[in-house]
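**Student:** Sharing a structure with you now.
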Amino acid sequence: MVLLGPPGAGKGTQAARISDRLAVPAISTGDIFRANVAEQTELGRRAQRYMDAGEYVPDEVTNAMVRDRLGQSDATGGFLLDGYPRTADQVAELDGMLADAGQRLDAVVEITADTDEVVTRLLRRAAEQGRPDDTEVVIRRRLEVYAEQTAPLADLYAERDLLVQVDGIGEVDEVTDRIMTALEPRLG
Ligand code: AMP
């Protein structure tokens, strides 16, 4: 399955919980990029300037990384993607990867939250975790890029009858329960 939602909607937090409950790995492209930046790998060097500016890392870089990750043995029985796909090109690439592996998506969960709420949460996370892309200017840019390039993907998955929308406002446990309840009929 795929988790969609603006920065600050709680995707990472919920991905970890849903991954536990469903016993499938949570694969976060943002986490993989951050680990590569920290280790100063070639991938990290290519990604960092985009991340620092709140822009998307180019599709060819991101797609190759995800293809590699989904090819690892722990992903054969299913996985939860957090933060991928984020562009129409990535959707097409993911379709290709799934077809090659004989897999299909069960659901795309969109966690919704309004802009004021996500900005407040991201500024709080900035104070707590010091993520370099959590400054107010970069947060605004990340939200703009999300609105332009990623929000439209919800319609695309709705047309495929895969979209489940869940209100991301509320206690963490409450949101997890909403997601699990919404997923139940789809996971069989
Ligand atoms: P996240 O932790 O999901 O908010 O991602 C942090 C940053 O990593 C984003 O602002 C992008 O610069 C980059 N990133 C993560 N996932 C993707 C993706 N699917 N496509 C392009 N860039 C990404």
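Indices start at 1 and increase along the chain as displayed.
For all residues, glycine too, the Cβ spot is worked out from N, Cα and C.
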**Student:** The AMP site in TrEMBL includes THR29, ARG34, GLU55, TYR56, VAL57, GLY83, TYR84, PRO85, ARG86, GLN90, ARG142. Which of ARG17, ARG45, ARG131 is also listed there?
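**Tutor:** Answer per TrEMBL: ARG131.
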**Student:** Determine which of ARG67, ARG69, ARG104, ARG125 appears in TrEMBL for the same ATP site as GLY8, ALA9, GLY10, LYS11, GLY12, THR13, GLY170.
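**Tutor:** So, going by the record in TrEMBL, that would be ARG125.
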**Student:** Could you list, ordered by sequence, which of these binding-site residues: THR13, THR29, VAL57, TYR84, ARG86, ARG131, have a Cβ under 6 Å from ligand 1?
**Tutor:** THR29, VAL57, TYR84, ARG86
**Student:** Restricting to the region 'NMP' (28-57), what is the model's mean pLDDT?
**Tutor:** 97
**Student:** Could you put numbers on the helix, strand and coil content of the region 'NMP' (28-57), residue by residue per DSSP?
**Tutor:** 22 helix, 1 strand, 7 coil
